[in-house]
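Participant: Questions regarding the structure given below will be posed in turn.
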Amino acid sequence: MSTVVDTFRFVRNQQVEALPPPNLARGPIAWIRENLFSGPFNTILTLVVLYLLYVIIPPIVDFVFVNAVWTGTDRDACRAETAGHPVGACWAFVIDKINYFVYGSYPVTERWRVNIFFALLALGVVWLLWLRAPRRDLGAIYFFWLFPILSYILLTGGDADFSNGFWLGFIVLSALIVAGFGAAARFLNAPVKPAVLIGAGIVAVIGITLALLEADWGLQPVPTALWGGILVTLLVATVGIVFSLPFGILLALGRRSKLPIVRMASVIFIEFVRGVPLITVLIMANTMLPLFLPGDMTVDRLARPLIGVAFFASAYMAEVVRGGLQAMPKGQYEGAMSLGLNYPQMMILIILPQALRIVIPGIVNTFIGLFKDTSLVAIVGIFDLIKTIEASRIDPNWAAPTISYTGYAFAALFYFVFCWGMSRYSLGVERRLATGHKH
Amino acid sequence: MQTPSVSQASPPKRSFLYDPNVRGIFYQTLLVVVVIYLFYMAATNAIENLRRAKIASGFGFLENTAGFDISQTLITYSAAGSTYGEAFVVGLLNTLVVSAIGIVFATILGFLIGIARLSSNWMVRKVSMVYVELLRNIPLLLQLLFWYIAVLGPLPQPRNSVEMGAGFFLNSRGLFMPRPIYASDIWVLLTAIAVGVVGSLAFRTWARRQQAQTGRQYPVGLVTLGLVLGLPVAVWLVLAVAGANPISFDMPRKGTFNLQGGMQILPEFVALLIGLVTYTAAFIAEVVRAGILAVSKGQSEAAGSLGLRPGQTLRLVVIPQAMRVIVPPLTSQYLNLTKNSSLAVAIGYPDLVQVFMGTVLNQTGQAIEVVVITMGVYLTISLLTSFVMNIYNRRVAIVER
């Protein structure tokens, strides 16, 4: 065995620069291969989807943008034979009718009031939904007390006519309530002064509310029959959320209560309302509410579906809130009780603030459903956005083949923007809350 | 006596007003009194108002002649000869038909889109996402109006019907198709179908037991297909060769103004069905996606390491576990679809709400009875479904050890 010594040996002592990956493993081509053509089945799928898109997308783009008519004052602009070219969406129709779609027949000179209502609504929504907004407790008072009163005054003109007898009765009743609080405290050997103050506070809030509603603000009264369009759509949704949240919380607490009759009443109400379609509740409110009231009392045509929607939304909201209550760890309840808090204190100070925070996504999702469902009031003859579009669609002045499509496209866009925006928001909150739980 | 000793054990100064039990009874009594008072007021007012408006009460009106026509009837019904009670049944059946067919199609479409949202194919994933977002965020009422007026509206007059071949015609009055006519010897065919179903079920049970004992697998799917479909077809062929004809078809024929004969499907029905199916499918897709994502990745990896192929992994490991998560929300989507079918009233499909809460309510004015009956029907459907679902849930729930 001879050993051969190679004197000229080369040992690399440095790492060579890595070669770039082959073109097919990176860059757009590789991405396309990986994600669209990774096998025969995927290739076929991609081609089928591409073909579908080719069939669907170009006509839509043609309709919405290329052939759309943007200016014009009547049907001639939107008829192919008078316009001289194929006509897609007739946006001129929407532009011409936009005030009707937003305000309905609300008097032109008073529309600034509706605009203020929109602004107040936006303020309340942002205040409550922006998690880092300052003083969200004040926001809640604003949204659930001040804002409804202001909206009522703004939209109807206020100046509700209560008789003198009504005020006399109210004063007597208030005195009785305050006295009752004092007597109860005395009876229970509790301090009398705070009890009287609580009673007086409740009476004062109701009194101020009523006084604000009765005061003559010098606004021209506008009957609800003239309201319409987006105003009514937002109004129904707002009434739904403003009433359903407090009622829903009460119902959820009732359903989790240890008192059997309270629990049963809540369960029956919630399951009953959730078991029937909204449209039947609306028809019931429309036809049965006048029957159940004394003969001389009438309910406003717009108020009836509002009451129906408020009941309906409360039941759904109750289930969402119940989810939050059940998700609270038992230690929170026990901790609150061991501090000597009573039931209302425990709920208001400890449980609800945390429980409501976790269910914000659920509340927003319920609200999205409610917002879409407001369109059903059109069926019982209320002029919401869909009903105004249905009414404008058959306007002979705008009789053109594409008017229906245009009107529906506009409504779809409106609802989509609102609902999609809200669902993005709720997803964002969900993600934030999820990270919050980790540390 | 036990009680006195207990009360003596507690501090003597405590007033009984602080006893939670006493307070509970007080609050509940208050609630009961308020509820009873509200009901009493409503009832007396209603009686007074009805008397003043001279509206009859009670359920006697169900026996009265209806006097209006309904465009789609599954039972024999005529304006002159039928009662409000029969109109109610017609409306109820129409609701059930559109809901049942809608549930089947919405499930198929929803599962397809839900699985497509998890596809490895980027384009399929994105397109299904756009579908879900678009359909979920636009009110169903708007979609129904769109399908009804904007898509089905421009269909041609009956005299210019679109001929789709095989006896199918499409025009503004709906879709016309051949109507099957059953001869008296149809029972042979029905028996064949029944034998097929029973036989395939029996074979399935037997194959399962065999697999549990010996580990050998049998082609259950093929045998089921053969028994359920093949047997009736074979029997039909034998009958046809023998000269008997259990099913013949009444073909629609073009008349001068309208199509004669055949079976007509209303455009309202088609619009409602398309609207309900596409809308609910978007929600079902999300349910399915969430269910599949809820099965942890370790499960499919473990299945893979046991040597199961991807198809088997999906069928034997992922889907059975996903179903546990999927089924409860899926049921509530089915109920939503059934309740949403009441939007038929907007496009004039004669469902329960349109026939009963619309026409009958307007004709008789007996709001309370009509509303109670209609709501009772929907409540019954809801409660029955949740009852059945609870039983199912108990069966598939994870048994903790």
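Cβ atoms are placed via backbone N, Cα and C, with glycine included.
Those TrEMBL annotations? Automatic predictions, nothing curated.
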Participant: Please find, within the list B:55-75, B:160-180, the residue stretch that TrEMBL describes as transmembrane segment.
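Facilitator: When B:55-75, B:160-180 are checked in TrEMBL, transmembrane segment belongs to B:55-75.
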Participant: Checking distant contacts: for the transmembrane segment (B:87-113), what same-chain residues at least six beyond its ends satisfy Cβ-Cβ under 8 A?
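Facilitator: Sequence-distant neighbours of the transmembrane segment (B:87-113): 62, 66, 68, 70, 72-75, 77, 128, 131-132, 269, 272-273, 276-278, 280-285, 287-288, 330, 333-334, 337-338, 341-342, 344, 349-356, 359-360, 373, 377.
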Participant: Against the transmembrane segment (B:134-155), which of these stretches has the most C-beta pairs under 8 Å: B:55-75, B:218-245, B:265-288, B:343-361?
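Facilitator: Comparing B:55-75, B:218-245, B:265-288, B:343-361 against the transmembrane segment (B:134-155), the winner is B:265-288.
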Participant: State the non-local partners of the transmembrane segment (B:265-288) in its own chain: residues 6+ outside its ends, Cβ under 8 Å from one of its Cβ atoms.
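Facilitator: Tertiary neighbours of the transmembrane segment (B:265-288) are 71-72, 98, 101-102, 105-107, 109-111, 113-117, 128, 131-132, 135-136, 140, 143-144, 146-148, 151-152, 155, 172-177, 322, 326, 329-330, 333, 336-337, 340-341, 343-344, 347-351.
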